[in-house]
Amino acid sequence: MLITDPTYCKSSEFFLAMITTADHAAPIAGAILSLVIIIFFSTACNSDPDLLLDFCIADTTAAAAFHFNGLPCIDPATARADHFATSALSRPTDSSGTLFGFNATMTSPAASLPGANAQGLAMARVDLAPGGMAPLHSHPRASEVALVLSGGVLVGFADTSYRLYTQRLRAGEAFVFPRGMVHFMRNEDTSAPAVVLSGLNSQSPGAQLVPFSAFLTEPRLPDEVVKKTFRITGQDVQRIQRSLGGS
Ligand SMILES: *[C@@H]1O[C@H](CO)[C@@H](O)[C@H](O)[C@H]1NC(C)=O
């Protein structure tokens, strides 16, 4: 059984910790079981930390005197409705001159949506040029649900067994990319742009593009590592680096 509801996760973790620590009869087996359970639940139940207040509107003016997991809050008495509103996703971004024909805007508590601080969520608007693509990438800290607002979009992800799940979506249709899975979105229409709106269950989902992780890190990965990873030649490596805009 895979449990993903965060409240369920927390109470089960507590409950299981109680039974396993009460297991005096078989201390070693008990310790191993506890470890397995802790590992299982810490991987199955990771999500952004819970809030102890109604909200924590980001104080974007605070000096970065020390580092939080998130942003410090303003005095709740000074909260306004517009702290919870944003127009950041209302404007199309320019995807025409980009490397892959896509551009994206993500809400951020620091820049565009202070009321979302510590709420464990973010939204993204993805603009895909005609034939454009958000190339293979993953979000290490968030599951994503992508809703097509306009256009025809081919989406897909690979799971850890390398099984591929793909779907063609039209306007109004949505698709879930499970947390951390490598995925893509491609505009199948070569004459019109497509717009996708995504919801993500972290305020800091992170994004790692597969081509950049392999070919455009700073500093570059050793050639031998890239050559052996993909079973290609040094010339292939250079050709791909150049085609991705590196030198
Ligand atoms: C993405 O769109 C914004 C807004 O139109 C633009 O300022 C930015 O340059 C675009 N990014 C790229 C890589 O072209």
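A Cβ is built for glycine as well, from the same backbone N, Cα and C atoms used for every other residue.
Those TrEMBL annotations? Automatic predictions, nothing curated.
Reviewing CYS45, CYS73, the cysteine that TrEMBL connects to CYS56 via a disulfide bond turns out to be CYS73. Taking the C-alpha positions, the distance from CYS73 (disulfide bond) to GLU144 (Mn(2+) binding site) comes to 26 Å.
DSSP assigns CYS56 (disulfide bond) to coil, not to a helix or a strand. Note on the binding-site residues HIS137, HIS139, HIS183: the fewest other CB atoms within 10 A surround the CB of HIS137. Non-local contacts of CYS56 (disulfide bond) by the CB criterion (under 8 A, 6+ apart in sequence, same chain) comprise GLY70, LEU71, PRO72, CYS73, ASN117, ALA118.
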